[in-house]
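What follows is a short report on a single structure.
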Amino acid sequence: MTTEESALLDESPVVAGDNPGRVFTSTQKKYILFVVSIAGLLPMFVSGTFVPSIPQVSKDLQSTDAAVSLAVSLSVFATAIGSLFWASYSSVYGRRLIYLLGMPIFCIGSLGVAASSSLLPLLLWRVIQAFGCSGGQAIGAGVIGDIFELEERGTAIGVFFGAVLLGPALAPLAGGTAAQYFSWRYIHVILAAWGILQYLLIYFTLPETSHSHQKDRSQPTPHKRARLVWINPLRCLVSLRSPNLFAITLHSSFALLTDYVLLVPIAQTIGVRYHITNQALIGACFLPNGVGNFIGAPIAGRISDITSRQWRQKRQGVWVPEDRLRKTWIGALVLCPLSIAASGLLTTFVDGPIGLALNLLCLFSNGAGVDFVLNPINSYTIDLSQSQSAELMAAG
């Protein structure tokens, strides 16, 4: 019989009942979820606040929009590499330490971006900034895998990504408002302050959750000399050799792509069609998508847990992790494709306030639809291997 303790992708045996989640109370779990959700939200703000300020940045640095936009591409690349790097090391040194190592790098990078006087330093500091905070989502998912039981993990993932996916909605509004009424540099100083506060919050209140790094107080702790271990961060990608993981990675990528198709060109689509020129108002158009994410994520996570429990009961206790994926069709076949098609038709044929309102409704539907795909898939990924959950999330 397959149980939660059967690590589907681990070759090393796992002792049944060795579940660190049982160490924490329900209140502690909720607080830990709150802390890691804030950490996961930060990378979304780093990327989202910069895009609306590109025209002001290019003017201030006497460059072009196309050249400054390179900072977006480089930060995305740094985030991808950094996520693999931090996730790999969190499995060796623990989640808490890796959080604490990343935050100073992020703060230095943010202050460097704010102080940049030309394009090249801006690009360099953006890479450092993105790299420092890039572990937030992968490590956060790893923490959830560490402390939450199988039956409650989908709901926890839903809450986590509900908070994280507020970033793409709130960040453009914050960045656009700063660029419109103050300076693009202010937002990066604020991000640095956020990083400092987050460092203090993690240092003083976040316990270690990783299986192998929790202290067993009943056993004496041997004195060991600290040593640096080199880990190839790209080793996470080996997990994609699994047909299951590769398939769900494509599945989630296509769903998330619908978000970018609607949101990235919003100034040129909804903004131009409905004559919105104010950067703050364009940023506000992202809000319905974020509200859809925020509402849809916990609902999708709850449905994922319920579906998993129902099918487990039908099999007299036999657990099949793929049961979580049964309801992804709600987002993949209905909400995501229909919202994109409807938005395209509305933008083309319906003008005025009615067209704008219906487009915003499409953004809301798309935000919820993406959650109905991503949340079950992320919970499924964690179910496959608790001990490697952060690495699997980074690879996906």
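Quick reminder: no glycine exception, Cβ is built from N, Cα and C everywhere.
No curator has checked TrEMBL annotations; they are predicted automatically.
When the ranges 123-144, 233-254 are checked against TrEMBL, the one recorded as transmembrane segment is 123-144. Recorded stretches compared: 66-86, 98-117, 156-174, 329-350; the one with the most Cβ pairs under 8 Å to the transmembrane segment (31-54) is 156-174. It is 98-117 that, among the stretches 66-86, 98-117, 156-174, 329-350, forms the most Cβ pairs under 8 Å with the transmembrane segment (186-206).
Across all of the domain 'Major facilitator superfamily (MFS) profile' (32-396), the predicted model scores a mean pLDDT of 84.
Among the listed stretches 66-86, 98-117, 156-174, the one sharing the most Cβ pairs under 8 Å with the transmembrane segment (123-144) is 66-86.
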